[in-house]
Amino acid sequence: MPDFTQPSPPSTPPSLPSHQRCRPSDATKGLLVALLGGGLPAGFVGPFSRMAYQASHLPSLELLICRCLFHLPIGLLLRLRGDPLLGPPDVRGRACLHALLNVLSIGCAYSAVQVVPAGNAATVRKGSSTVCSALLALCLESQGLSGYDWCGLLGSTLGLIIIVGPGLGTLQEGTTGLYTALGYVLAFLGGLALSLGLLVYRSLNFPSCLPTVAFLFGLVGLVGSVPGLFVLQTPVLPYDPLSWSCVGAVGILALVSFVCVSYAVTKAHPALVCAVLHSEVVVALMLQYYVLYETVAPSDIMGAGVVLGSIAIITAQNLSCEREGQVEE
């Protein structure tokens, strides 16, 4: 006879078999990496670049050279692994093109933040990269987007227009207004080059692709920026610790953002990655107000809220999981 006076042990819910366990999908992982590792660190790059320029008038090309130096040690990793520094011969041209497009994008961005507020420059660059990525992916890759994705893209673009629209409508006449307009044009061209670079990177598929393109960015950037610095600008050797701290922070944060964005674009649609990277704009606006003590208009706050809401829509739509058994199949 069983002893009913003894309490029965608590029942434990049966564990799912290993083939039924759920894990984040590739799109989910890509968007989270783009948000946390790409957008948030990149939001500090623009304000720190502007601080370095305000402290010692550091030229944009010199700042780009300092950033490229942080990419060169990756070549040691490629040598230790026995991989070619410039990539396989059949894709070497596209890898160099990707590096060139990224160098042009970063050079335009660094030049723009010297004449327009860092938040506005990041806004125009990210907005143009999102729109261009969506159009290029539709035209060249025939990749469709869901209704929620289009809603998030349009919402984030609307938020960027709210942020930058009033500033474009009140440009001053004369030399100051001309330089301001040129800064916005450079920011737009930087976004266009960024979208083209992401599209080229998606076509690369070989082992050690990520460290190879990271090293090529530093190499191509140095080859193009060093002659341009002495021809177009005047080199400056900063003496204050603030400038060197800003340069070091820009190099490290930009390298982290570069690696994370390059990884994310292989997992998720490039337009969605660019839309999630709009978080950079929100971070840049916060630093613009609290660190640089530059004015943040009510339209900036409203646009930042719209951008964050759009990012939430895109992320929630793409937050899904896959059965491990299905992935293996």
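All residue numbers here begin at 1 and follow the chain in the order shown.
Here the Cβ of each residue, glycine as well, is placed from N, Cα and C on the backbone.
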Name the residue range among 117-140, 213-236 that TrEMBL annotates as transmembrane segment.
213-236
Using a Cβ cut-off of under 8 Å, list the residues of the same chain at least 6 residues beyond the transmembrane segment (181-201) that approach it.
94, 97-98, 101-102, 104-109, 111-116, 120-130, 132-133, 136-137, 140-141, 164, 168, 171, 213, 261-262, 265-266, 270, 273-274
Averaged over the domain 'EamA' (31-164), what pLDDT does the prediction give?
83
Please count the residues of the domain 'EamA' (31-164) that DSSP assigns to helix (H, G, I), strand (E, B) and coil.
110 helix, 0 strand, 24 coil
Under the DSSP assignment, what numbers of helix, strand and coil residues are found in the domain 'EamA' (182-315)?
106 helix, 0 strand, 28 coil
